[in-house]
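J.: Starting off with a structure, shown below.
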Amino acid sequence: MSKKVKVAVTGAAGQIGYALLFRIASGQMFGPDTAVELQLLELEQAIPAAKGVIMELDDCAFPLLEKVSVSSNIDEAFRDINWALLVGSVPRKAGMERGDLLKINGGIFTTQGKAIEKNAASDVRVLVVGNPCNTNALIAMNNAKGVPSDRWFAMTGLDENRAKTQLAQKAGVLVKDVSNVAIWGNHSATQYPDFFNAKVNGKPATDVISDHDWLKGDFISTVQKRGAAIIAARGASSAASAANAVVDTVHNIVTPTKPGDWFSAACHSNGEYGVDKGLIFGYPLKSDGKKVEIVTGLEINAFGKEKFDITHNELKEERNEVKDMLG
């Protein structure tokens, strides 16, 4: 075994955590040559359930899984980690305002940011999954000033996968034939799934799909509202598909991107495409396996700019609501 990675997962006994841990342990995230240690963080009352998950992980006898531990002590869970997968957050409840949700989770992610800075390995990278993930990542990052800003990501990969599937189904092709799908902005109902730069079998999606009214209307709204549609159908939020997107996102970060393609995740803005510096904003990204860069130079037309500005403004509003938590 040539490499080993220590991974912290918060909210490990929850539905996303349950769907995620076995895939990390099997090697799907970091590849067949990388051993894994899992350090799980859970609330005290969820420790028994997390121990049950560990029993199942043991019973899988994964060759790549060297060790699993669970703790309600954040310093223990984050000690010497190379990756922090921040899955756990407080979900929005009936009657709760967005500002309330931001502040409740803000306290959690303030603590987690400080603990990452204090305990993690010097090469730590962080993917925030718990919603509202862009602003949760912003809060954690600003409370861990010693961790470089290019190590922080929030997940828009589920939106990318949803968009790819919608385009593939409309075009009558396989999802593997769809590439270059960018999700701009916030992981929320304001996100902008960009079909103008997307490709189907290497051709512009707008050439392959002639129904441009669908692209500008139902395509965007379906992707934006897919999470709510799943809750309505299933009675619970996306879990397996979210876990799958976590695997995809980390794999895309640590693996060289196919030439000419990109993947979507939110990261720290340095002003690219006119976005406020310091926001955690959804961009198209490419990786050389070590360093991740924002794909620049893409055209955003007047239609796209209108959508782009809506999601940009929402993220600025969220930042303003939590400004007292930004270190």
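In case you wondered, yes, glycine gets a Cβ from its N, Cα and C as well.
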J.: Among ASN105, ASN142, which residue shares the NAD(+) site with GLY11, ALA12, ALA13, GLY14, GLN15, ILE16, GLY17, GLN112, VAL129, GLY130, ASN131 according to Swiss-Prot?
T.: ASN105
J.: With ARG98, ASN131, ARG162 listed by Swiss-Prot as binding substrate, identify the candidate in ARG92, ARG151 belonging to that site.
T.: ARG92
J.: Any same-chain residues 6+ apart from ASN131 (substrate binding site) with CB under 8 Å of its CB? Would you list them in sequence order, or say none?
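T.: Spatial neighbours, sequence-distant, of ASN131 (substrate binding site): SER89, PRO91, ARG92, ASN105, HIS187.
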J.: Would you mind checking how many other C-beta atoms are within 10 angstroms of the C-beta on GLY130 (NAD(+) binding site)?
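T.: Taking every protein chain into account, the count is 24.
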J.: For the recorded positions ARG162, HIS187, which Cβ has the most other Cβ atoms within 10 Å, all shown protein chains included?
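T.: Of ARG162, HIS187, the one with the most crowded Cβ is HIS187.
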